[in-house]
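Asker: Next up is a structure, given as structure tokens.
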Amino acid sequence: MLGVVAVHRAVYSPLPVRPHPHSLFSPFSSNPPLYFCSSSSSSHGKSLSLNRPTRHPLLANSASNFPRDGPDDDGGDEVLPVLDSASRNSEGEDGFEIEVEKVGEQKNRRRIQSRVRVNADLESVWSVLTDYEGLADFIPSLAVSQLLEKKDKFARLYQVMDPLRAATFEVGQQNLAFGLKFDAKGVLDCYERDLQVTSRGRRRDIDFMMVEGDFHIFEGKWSIEQGKSSVIELCTVHGISNIEYDVDEDEKILVGKEFQTTLSYVVELVPKLWLPVRLIEGRLCREVKTNLLCVREEAQRIQRLKGEMLDICKIVQQQPAKAMAASSLVTILSFLFLVSSNLAADSDMLQDICVADLVGVRVNGFACKPAATVTEADFFFQGLAKPGAATNTTMGSLVTAANVEKIPGLNTLGVSMSRVDYAPGGLNPPHTHPRATEIVFVLEGTLDVGFITTANKLIAKTITKGDVFVFPRGLVHFQKNNADVPAAALAAFNSQLPGTQSLAATLFAATPSVPDHVLTKAFQIGTKEVEKIKSRLQPKK
């Protein structure tokens, strides 16, 4: 979420409970309760007085200061230290800074200011922040990020936690002092501001305001600022690294770019009377840090996809040509080693052959049977030569697999195949291969094929005899024969046992069955419809 989730209810519980999952910039964190410093308390063995501004521990090694919109530092505003020693990081460690201030005369009013350096351009960071329904893809505890309304430069968001994720990550309702616990969700209005060109570079903001929740005030701003001289092109010249403006165009070899962009987050809040701000300000700081770093990582991932950001070959010090060449060689060899070790979906082989012992114990694969018992039959299979009886199946398609279970000699080789035959109108229904990428070659006929990305984008095409199409690993895909004649295709996989999970059968024909109330909620249908689908997909006895 671009701001914070609203506190939905509070109840008293005499027993400790596990922390509640939280939305982006929630006041609730999964960290243990924190202890806060006051004029009579001590932190880490030192007495702290709060009658003057105090830098937050995260800023201990930073010389920079945040601009303030409130009163001058005359004692009316305080900067409160709220993180314990486990969370202290210098600004140089991860480029993150944060401050918490008491604002004006209201004891329960706080202003949190934070920022982080991002090695990505302004457009990449902006695309992350404004992909409102995609936030849940990279924020671990955010289950739903729903866009309720979107106009030109306005968005209203609704976000909730997921109890199933809570169980997965071993967090539950948020536990605060005195047995208080909370459920969290929230609605925010977000206002996207126009791009500004300033004397320091380019800047763009998103203002946000909570419109539903247990805060009297919760409003703030995201700011992305990219300096004029923030793009540094790194290159090599005759084996010596250099910066772009020191190099002639005919000499340089571009290595990459480094971006110096700052992402800032400021929020001012006043909880309602039953929620003292000192119970949550420490958790707010931890959550702000976690989620700013998540946004940074996603923006830098997008920048890498653009092929511009320097990632591995970051060489900024001048070196002699010979030493530079040796260093580059080591870097390249290390990179190639890392890439080659991840090309195959299965583990690499450690001997010439390892024919699978199909009746032995499985340990993430098959053990090798004794070499003396290996024959040519372990490497041979005729099952793909003849068409399958696709007309005898419910979906009008039949898959004949040629994997390690049919060809034991495939064990540790990281490859397999299958033949798919389609009756007229036949469908290989939506499914995934969790352990392999698939490439299909059309033997006969015409097929409508497609896959769906995690962003719910359909990529589809009609392919004919001799055509090839690729389905990325783990993505939902399908093939349909819309012609009135049979069709056939060969599929190859980069795994000896790619696995197949058909969506319909997985959800409606599992054993034990998926509860009806889960399916009715997920598909927004009634119990009768669920039972009807289950009856059609259950294996025939």
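Quick reminder: no glycine exception, Cβ is built from N, Cα and C everywhere.
Under the heading region 'Disordered', TrEMBL lists 59-96. The disulfide bond annotation in TrEMBL covers CYS354-CYS368. Look at TrEMBL and you will find 382-531 tagged as domain 'Cupin type-1'. Positions annotated as oxalate binding site by TrEMBL: ASN428, HIS433, GLU438. Marked as Mn(2+) binding site by TrEMBL: HIS431, HIS433, GLU438, HIS477.
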Asker: According to DSSP, does ASN428 (oxalate binding site) fall in a helix, a strand, or coil?
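Answerer: In three-state terms, ASN428 (oxalate binding site) counts as strand.
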Asker: Name, in the order they occur in the sequence, the residues of the same chain whose CB lies under 8 A from the CB of CYS368 (disulfide bond) and which sit 6 or more residues away.
Answerer: GLN351, ILE353, CYS354, VAL355, ALA356, ASP357, ASN411
Asker: How would DSSP class HIS433 (oxalate binding site) in three states?
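Answerer: It is coil.
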Asker: Just to verify: the residue among HIS431, HIS433, HIS477 with the fewest other Cβ atoms within 10 Å, which of the binding-site residues is it?
Answerer: HIS431
Asker: Measuring Cα to Cα, tell me the gap between HIS433 (oxalate binding site) and HIS477 (Mn(2+) binding site) in whole angstrom.
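Answerer: Rounded to the nearest whole number, the Cα-Cα distance is 9 Å.
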Asker: Helix, strand or coil at GLU438 (oxalate binding site), per DSSP?
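Answerer: Where GLU438 (oxalate binding site) sits, the three-state DSSP reduction gives strand.
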Asker: Give me the Cα-Cα distance between GLU438 (oxalate binding site) and HIS477 (Mn(2+) binding site), rounded to a whole Å.
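Answerer: GLU438 (oxalate binding site) to HIS477 (Mn(2+) binding site), Cα-Cα distance: 10 Å.
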Asker: Across the domain 'Cupin type-1' (382-531), what are the DSSP residue counts per state (helix, strand, coil)?
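Answerer: For the domain 'Cupin type-1' (382-531), the helix, strand and coil counts are 25 helix, 58 strand, 67 coil.
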Asker: As a test of the contact definition, list every same-chain residue at least 6 positions from ASN428 (oxalate binding site) whose Cβ is closer than 8 Å to its Cβ.
Answerer: MET395, SER397, VAL399, VAL420, TYR422, PHE478, GLN479, LYS480
Asker: For the recorded Mn(2+) site, enumerate neighbouring residues of the same chain (Cβ within 8 Å of the Cβ centroid of HIS431, HIS433, GLU438, HIS477, site residues themselves excluded), in sequence order.
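Answerer: So the additional residues around the site are THR432, PHE451, PHE471, LEU475, VAL476, PRO498, THR500.
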Asker: Beyond ASN428, HIS433, GLU438, what residues of that chain have CB atoms within 8 A of the centre of the oxalate site's CB atoms?
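Answerer: Same chain, not in ASN428, HIS433, GLU438, Cβ within 8 Å: SER418, HIS431, THR432, VAL440, PHE471, HIS477, ALA491, PHE493, PRO498, THR500.
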Asker: Can you tell me whether DSSP puts CYS354 (disulfide bond) in helix, strand or coil?
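Answerer: The residue in question, CYS354 (disulfide bond), is coil (DSSP, three-state).
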Asker: 10 Å Cβ neighbour count around CYS354 (disulfide bond)?
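Answerer: Counting Cβ neighbours of CYS354 (disulfide bond) within 10 Å gives 21.
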Asker: Among all protein chains shown, how many Cβ atoms are found within 10 Å of the Cβ of GLU438 (oxalate binding site), not counting that one?
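Answerer: Taking every protein chain into account, the count is 22.
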